[in-house]
Amino acid sequence: MADQLTDDQISEFKEAFSLFDKDGDGCITTKELGTVMRSLGQNPTEAELQDMINEVDADGNGTIDFPEFLNLMARKMKDTDSEEELKEAFRVFDKDQNGFISAAELRHVMTNLGEKLTDEEVDEMIREADVDGDGQINYEEFVKVMMANRRRRRIEESKRSVNSNISRSNNGRKVRKRDRCTIL
């Protein structure tokens, strides 16, 4: 993942990382991560920071080394690219460009994608995403749905990976579900 970064980006990240590596041991504490990221123009929420820390600090020792930090920043930058993709996707759905996706617009795009949905299915999709209850989907609601779907896919991929690793570590023998839970 970090191999997708330019030399300039790596230098910038190294400089920011070094500012917070107080004793020069090549590690920063997880508490300092938020400060480093804000100094690089990122603005993660506390929940996002905790997710990042959980992803990066695999051994739970409370420190993050520079290679782990580079991977984190590369992922974060990829997510920024994804934000642009989300904006473009929203524009595709929002045919009249009024800032909302109506049931008619959703039905039209889904039909063009080859998804023949009933009125009830379209209404259900709108209801699931429509947090403020106005009968249409604004950009924030759209992002929440899309990000929830992305998280769901990542969780499923992680589960498949863990299950695959468990099966391999058990010499191909089937692992009972309750044993799998014990392992996890």
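Using N, Cα and C of the backbone, Cβ positions are placed for all residues, glycine too.
Packing against the domain 'EF-hand 1' (8-43) from elsewhere in the chain are residues 2, 49, 52-53, 56-57, 62-66, 69-70, 73, 76-77: each is 6 or more residues past its ends and has a CB under 8 Å from a CB in it. The domain 'EF-hand 1' annotation in Swiss-Prot covers 8-43.
Swiss-Prot lists ASP21, ASP23, ASP25, CYS27, GLU32 with the feature Ca(2+) 1 binding site, giving sequence analysis as the kind of evidence. Its Cβ placed at the centre, ASP21 (Ca(2+) 1 binding site) has 21 other Cβ atoms within 10 Å. In this structure, ASP21 (Ca(2+) 1 binding site) belongs to neither helix nor strand by DSSP; it is coil.
Residues or ranges marked as domain 'EF-hand 2' in Swiss-Prot (evidence: sequence analysis): 44-79. Looking at the domain 'EF-hand 2' (44-79) alone, the prediction's average pLDDT is 78.
Positions annotated as Ca(2+) 2 binding site by Swiss-Prot, on the basis of sequence analysis: ASP57, ASP59, ASN61, THR63, GLU68. Cβ neighbour count for ASN61 (Ca(2+) 2 binding site): 10 (other Cβ atoms within 10 Å of its Cβ, all protein chains included).
The domain 'EF-hand 3' annotation in Swiss-Prot covers 81-116.
Secondary structure from DSSP puts GLU105 (Ca(2+) 3 binding site) in a helix. Over all protein chains present, the Cβ of GLU105 (Ca(2+) 3 binding site) has 19 other Cβ atoms lying within 10 Å. Annotated Ca(2+) 3 binding site per Swiss-Prot: ASP94, ASP96, ASN98, GLU105, in sequence order.
According to Swiss-Prot, the domain 'EF-hand 4' annotation covers 117-152.
Sequence annotations record features per position, and here Swiss-Prot assigns Ca(2+) 4 binding site to ASP130, ASP132, ASP134, GLN136, GLU141 based on sequence analysis. Less than 8 angstroms from the CB of ASP132 (Ca(2+) 4 binding site) sit ASN138, GLU141, each of them six or more residues away in the same chain.
Residues or ranges marked as region 'Disordered' in Swiss-Prot: 156-184.
Summarising the annotation, Swiss-Prot assigns compositional bias 'Low complexity' to 161-170.
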Going along the chain, which residues at least six beyond the ends of the domain 'EF-hand 4' (117-152) come within the CB cut-off of under 8 Å?
82, 86-87, 89-90, 93, 99-103, 106-107, 110-111
Can you count the other CB atoms that lie within 10 A of the CB of GLU141 (Ca(2+) 4 binding site)?
19
May I ask for the distance between GLU32 (Ca(2+) 1 binding site) and THR63 (Ca(2+) 2 binding site), taken between their Cα atoms and rounded to an integer number of Å?
9
Across the domain 'EF-hand 1' (8-43), DSSP yields 23 helix, 3 strand, 10 coil
Report, as numbers and ranges, which residues of the same chain sit near the domain 'EF-hand 3' (81-116): CB under 8 Å and 6 or more residues beyond its ends.
122-123, 125-126, 134-139, 142-143, 146, 150
Around the Ca(2+) 4 site formed by ASP130, ASP132, ASP134, GLN136, GLU141, list the extra residues of the same chain whose Cβ is within 8 Å of the site's Cβ centroid.
PHE100, ILE126, ALA129, VAL131, GLY133, GLY135, ILE137, ASN138
